[in-house]
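Here's the structure, in structure tokens; my notes come after.
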Amino acid sequence: MTIGIIGAMEEEVELLKNTMPSIEEVIIGGAKFYIGEIAGKEVVLLESGIGKVNAALGTTLLADRFKPEIIINTGSAGGIGEGLAIGDVIISDRLAYGDVDVTEFGYTYGQVPRMPAFYQGDAVLLKKAETIYRDYFADSENKAVYGLVITNDSFIMRPDQHEIIRTFFPDVKAVEMEAAAIAQVAYQFDIPFLIIRAISDLANQEATMSFDEFIHLAAKQSAICIIELLKTI
């Protein structure tokens, strides 16, 4: 079994890459693929680049060239749901776009025409994650949260951005810039997927400073959770 793991930035894949005993590196269209093993599993680790187009391009190349049986997305996110703290981990059971509006043609806000309104994380992987992280976070100051993640081609930090997202997605937990695009490609290739992100900022006016300060913590939390999950697959 080959497992595809995707992170947008070097910081989000570095820890995982450093656990690989040997690596074959392939670069296609600016997307960087690292082929090797993590936790005894065959993996293709992708550094896709930031944003929906880069994520979709990289995921398509991953699916077409390397034929993964599972896709997992790692990285950081802005916590917009109540009670979230920096370092918490969000496991997405649903994803949607926060900046797609074709409602004039009868689609739900956030829905790309002829695509589902929400992309569902794989039920089997979600169940595995729930079991693992309940034990992993039992004695931690951080926690794992399950819920809706919204993807925008914008860094979310302003009140007006919050208002739009909450108007259409009142149960949103976190925001970021790639996951729904990854989920859409996985859906179109019929590949089970799971999105695991750690909170690097609270998507507020201090978000830029918080992101710069805590991106490595978020990347570490997310990577550790993925390694623990790989051990069970």
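Just so it is clear, glycine is given a Cβ too, placed from its N, Cα and C backbone atoms.
Other Cβ atoms within 10 Å of the Cβ of Glu12 (active site, proton acceptor) number 28 in total over all chains. Glu12 (active site, proton acceptor) falls within a helix when secondary structure is assigned with DSSP. What Swiss-Prot records for Glu12 is active site, proton acceptor.
The DSSP secondary structure for Glu178 (substrate binding site) is coil. Taking a C-beta cut-off of under 8 angstroms and a sequence separation of 6 or more, Glu178 (substrate binding site) has the following same-chain neighbours: Ile6, Ala8, Ser48, Ile50, Gly51, Lys52, Asn54, Ala55, Asn73, Gly75, Thr151. Residues or ranges marked as substrate binding site in Swiss-Prot: Gly78, Ile156, Met177, Glu178.
Here Swiss-Prot flags Asp201 as active site, proton donor. According to DSSP, Asp201 (active site, proton donor) sits within a strand segment.
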Packing count at Met177 (substrate binding site) (other Cβ atoms within 10 Å of its Cβ): 22
Minimum Cα separation from Asp201 (active site, proton donor), reported as the residue among recorded positions Glu12, Gly78, Ile156, Met177 that achieves it: Gly78
Most distant Cα pair in Å, residues Gly78, Ile156, Met177, Glu178 binding substrate: 13
Listed in sequence order, residues not in Gly78, Ile156, Met177, Glu178 with Cβ within 8 Å of the centre of the substrate site Cβ atoms: Ala77, Thr151, Asn152, Ser154, Phe155, Val175, Glu176
Cβ-Cβ neighbours of Asp201 (active site, proton donor) (radius 10 Å): 26
